[in-house]
Amino acid sequence: MITQFIETLPEGKSHPDFTRKPIALTIQEGKFAFFKAIVTGDPKPTVAWSRNNGDVSDTSKYQSKYDANSNEHTFEMPNVTAAQADTYKCFATNEFGQATVTVVLNVIEVGYKKNKAQQNATEPINGGFKKILRKSKVRRKSEQTEKKDGELDPKLWELLLSADKKDYERICAEYGVTDFRWMLKKLNEMKKEREEEQAEFVKNISNLRPIRVHADGTASFEIDMDLIEQSSSIYLYKDGEMIPYTKELGDTMKHSLRKVGRKYIFTMRDLRPEDGGFYQLDVENVNIFSTDFKIPMVDFLVKIQEVKAMEREDAVFECVLSIPLAKISWSGKNLPLEQGDKYDIEVSEDKLIHRLVVKDCMVVDKGIYSATAGIKSCSAWLVVEADKDADQGKKSIRKTTKAGGSGIDLQKVAQEQQEKLAIQKEEMKEQIKAAEEAAPPPETPKPRSHKPADMAPAPSAGEAVNSDPVITCGLSDIYCLRGKSAELKVIMNMDCDGTWFKNGEPISAGAGISIIKDSTSHMLTFKNCQDDDSGLYLFVSGDQSTQGKVIVGDIPEFDPDDLHKFCKPLTVSVGQNATFKMPFAPQETLIVKWSRNGIEVKDGGGVKVVKEPNHSRLLFRDCLRADTGEIKIQLKNPFGTAEATSQLFVLDRPGPPEGPVETLDTTSSLIVIKWKPPKDDGGCPVTNYVIERQQAGHSLWTKLGHVPGDKTSFRDRNVTHGKKYSYRIYAENSEGLGDSLETADSIMAGVMILSGPPGAPQVVSASKTCITLTWTPPEDDRGVPVIGYQIEKRRKDTNQWISLNAVNEPIEDVNYAVKDVTEGAEYEFRVLAINESGAGDPSPPSAIVCAKNPNMRPYFKDPEDFIVVRAGNSVRVTLLYEAEPPPEITWFKDDEALPPWIKIINSEGMSQLVIPSSKRSDSAIYTITAKNSVGQASFDVEVRVTDEPKSPGPVELEQTVHGKVVITWAPSPDQELDDRLYYTVAQRDSNTRVWKTVADRLFTNTHTVSNILPGLEYHFRIFAKNDMGLSEPSQSPTWGMNSNRVPITHNGINKTHISFERPPSILVPLKLHSPPKGYQVYMTCAVRGFPTPTVSWFLNNQCINSDSNYYITNSFGVCCMYILRVRPKDSGEYKVVAINSFGKAECSTKLIVRE
């Protein structure tokens, strides 16, 4: 809020104002809280701070500071407490005014519920201590205890409670949970308990969206939530520790929580690696939502670059990451992008190279595209240029080329990065190995358990350590190639005996199997694996056991005939389908992968991948030239990999020849041109070139002939001296004719020959908007035909000639209407003949002609013949006319002279009748007459001044037929004065209590209502209605079951009649205005009084109601005055005066127009 102490500020001085306001703050108790503000003003204002409920003079709690370099005023509160939560105000004051801003400080109390619980420990608590402790089991890192073997991380349950069912498997895999049946049973129990806790504070929760990173460098998560109490406290935690946040989008805090409708959005800005963690949102003491924010340490080695593509061409963005990632986020024009018909998202096998292909680019695809990996992102523009060669109104042909890319060898960059990562991995392994060798001998590990800690039995307190044999390295499942050797190995912590079992039966050394014991190592060796060796093997030593499966199989193989057939190259034309099929032996664990040019091909867009148990097919629909390349199928199972390779060749029409077209020679009878072969020959050699020619000024292209494919020049001998020609060259191969290369400029045959001068132009007619000319062709065209003319004009007393049309837009006729003229100005014109060589010599100038209208009889343009105005408002009847010479304007009211209070405002081409404050007696037919020396014209306008009608008279009800009631009412007093007045009937019964209209547009004083039911009370209202609106209703007596009840007498109680009559008063006064010169001004105030007062506007005590420079309205007591462009003479004192029969009220202000 700004308060100005004086009406007019001295030049160069200003009152205080805030250029940066303090931002509301929510902060944890004990933290450092501060507000910042920047103020301006001349002279320099002083700044003070205060709070609504307390004092800020204690310097140990409140400190005010000022930084002269940044002009910032800071109000600091170290170690903020809950008692300091309040509404604070900042005041900026100088001698001309004061600016005030209000800001709220919210303090989150820490430990309050815990302390309160301790104080009330002796009191009974409904529900036990479970309600006063924070529901989440995730604690801050300093409070976390070391997990026992097999114990589950509490984060697992919090994530599962907030996740979709489709994410359960992924989350369980991250935390090592394999018993899904047990997990789902326990999760359902926890969900039921959590929902009961949430129901105490929240009505509904939906649309839980995990945290994600955006292209602008922020991260956010969202939740839709309806709170039972809007004042409930909301807390945010990271790794179990409360974090402060602001509820506004300011730049003072890292975290913010915004509410949009029922959606809550938590946002982090300025992301850093340490921002990763486990985030939770609580309402009061109940956990609502949990999400894990994992930030991979990744960066872009190669960022995406700007792409310029032609319409209907594919655009490619590609980047290289520093570490392998299976997926990154792509966005276009701030919207996330997914694999589909419009976009292809590709990832290389090493997961370092990521590509986004925008297919079939259109102009609407233009915008900024972004790639986001972890908290890193990069952006680039996609610029799509319209295809100028496409036929107008028709869709251009899909192009086979791709635009964009990084411009460097990404495979090389990715290979170098792979080598670096491999070196780092080996170094890390060596460091771990060295650390293990240097570390003391480990304690004997406990037996492995396949159940979580809360399901496994706890060891007894007296259990001996290192007294029994323990398996330190157990068995695992292995896959063995048929005919090869394999080994199962178990390592114990001490030298002891053990027994081997296969499928529950003990086994011993025999044919093909050997059992070896070497100190603490026990080995079972297969010399030549066969199908009989597959099974479940168990090793038992004492009460210790371990087991693993042995699976014997073969590497996938292709049938030689099928492989030979597949490896044959496939050649198709653009637009055709290409299909590759490879049969193979059915296997359960077989993985089939197709790739093109080393990049995996996925199902989507124009690609279809079909995988059956005994074969797989790859289909390319509507092949493009870019689909050409190496096609590879890979079969993979646990035993190994098999690959087969083929080639796909897509043939297309050749691209346009390379330009520009060079002109080798030009004479009066010969033009020689040259070009370069196309970059893309479409996959097959160019057989010949087709040449077309177009003469300047013509639209027809003529085919000149063919040129063999090994020749790139053409000699055109059929040319005319002085004419200009354009050429198009097409390359042709076996697939057809490609796009054309066109000459940039026309080529002239020989030297330039210009035409002679035409005859001097003659003036046919002249008006204030148009001058029509005519001329004769040149007598000497110098042997070159004239194709048109150019006209130039020059104003009298000037030397500059101005062209009215360009040389390439000739006027083909020998007459022309010049419309670019100024009324009253005098001009002369000249004409130049245009041939193939250009514009020739100018003609002699025409006679000087003035742009003015000829004499014209008056006539009115688009007049309105009926106007309705509310009584008390101003009336403005505006009529436009045309006449030459200007006519004499006369107005009449009902064929009589106008009363003195009606004003007439005449200007060029317009006449306006103004009634400042209309009355019903002003209703009449107003006639305007325009007369000049040529003739006269008249027009009638009916003006109807009316007001909201008065209520109809008393209402009577009568029932003549059962179920029908006849309503009769006395007419409204305005019925005789207004022939457009009619009546509306509304009805309400005792069941619905809702008024509904049962009759409308009644021009009589009676109406019959049907469907009147016994046992109900009915009430009726009668309204009078005209062009201004509805009257107050006339109420009918009650009709129905209570209509005969005995009236209640009011003993000793006198009825009081209320009168609404009052003198005028100003509800909202006028305000001070100081606009610059030429700006618009809008003044307004509010007036009330009954009867409705008459309002007049004054400037320096002169009434301006009838002044056409001011637009004045009065709508239900809101009085407005509008000035379109303010002038210095509009400065002064403006006053509004409201008068009725009970008194007068006025208010005033000043308008100062600044230069």
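Using the three backbone atoms N, Cα and C, a Cβ is placed for every residue, glycine included.
TrEMBL: automatically predicted annotations, no manual curation.
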Segment assigned the feature region 'Disordered' in TrEMBL (from 428-463, 932-967, 1040-1075):
428-463
Number of helical, extended and coil residues in the domain 'Ig-like' (854-946), per DSSP:
3 helix, 58 strand, 32 coil
From the DSSP assignment alone, can you count helix, strand and coil residues within the domain 'Ig-like' (1063-1152)?
3 helix, 55 strand, 32 coil
Composition by DSSP (helix, strand, coil) of residues within the domain 'Ig-like' (16-102):
3 helix, 52 strand, 32 coil
